[in-house]
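Now, the feature entries from TrEMBL:
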type	residues	note
DOMAIN	12-61	domain 'DUF2963'
DOMAIN	62-111	domain 'DUF2963'
DOMAIN	138-189	domain 'DUF2963'
DOMAIN	190-231	domain 'DUF2963'
Amino acid sequence: MQKAKEYQTINYRSDGTIKSIIEFNPSTGKKVKTINYRSDGTIKSIIEFNPTTGKKIKATTYQDDGTTVDSINEFNPSTGKKVKTINYRSDGTIKSIIEFNPSTGKQVKTINYQSDGTIYSIIEFNPSTGKQVKATIFQQDGTTVKSIIEFDPTTGEEVKTTTYQSDGKTIKFIHEFDPNTGELVKETNYHPDGTIKSIIEFNPTTRKLVKQTFYNPDGSIRSIEEYDEDDDDHECNCEYCDQ
């Protein structure tokens with residue numbers, strides 16, 4: 001006579017309270033769900049498994065009340081690697097969504113939300129190295145771009161920040177950084193209509209100002225000022241001066 005397959009196991013603490021309940025697929029005997037409880041009887045977490053392979057596919061963790069979700073982790077049913085994490089605030093609203101490469105398990109994207117549910121930022125990562133490559137920051141409405149930060153895909157250091165005007169399209173200014181030192185090397189400023197206003201350049205090692213280029217409204221150069229780093233003097237290139 002074939003032995004009946006187990007379909008549920010209840011584990012108890014020494015004080016008699018339930019610690020966990022494990023459920024099984026009655027056909028395959030594979031574990032399909034584990035419910036973990038706190039000592040006060042509230043649910044701490046629920047872990048779900050693929051009924052065929054037995055691999056973990058979802059893990060839900062609850063806040064202290066046992067009903068409000070704290071986080072949800074989703075897994076690739078074939079590899080068992082994590083593919084997504086959703087984090088929640090105490091009021092149950094989504095705080096962030098983190099996506100992972102299903103093959104490597106490395107983080108590829110994070111979406112951070114404001115308390116009203118609109119997007120605050122989207123951070124993208126190099127799928128091979130897991131290093132940050134881009135961060136898009138949004139204005140209060142959650143759709144209009146405020147700034148875009150770019151990072152070196154190898155080192156993860158910030159290399160460029162583009163800040164936009166209130167329309168989310170017209171550039172206000174661009175900051176460029178040395179990927180090795182992280183120091184500001186160039187600042188490009190724009191007029192409200194999007195035309196270039198000035199370019200300011202710095203020495204990446206000493207951080208001293210080395211050059212300023214100013215533009216006319218039509219985009220032509222108005223003046224160039226170059227600086228001597230040793231004595232802080234500067235001279236104007238009068239070929240472009242309108243003075």
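Each Cβ is built from the backbone N, Cα and C atoms, and glycine gets one as well.
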Notebook entry, point to check: Looking only at the domain 'DUF2963' (12-61), what are its DSSP counts of helix, strand and coil residues?
Noted result: 0 helix, 28 strand, 22 coil
Next item on the list: Using DSSP, tally how many residues of the domain 'DUF2963' (138-189) sit in helix, strand and coil.
Entry: 0 helix, 28 strand, 24 coil
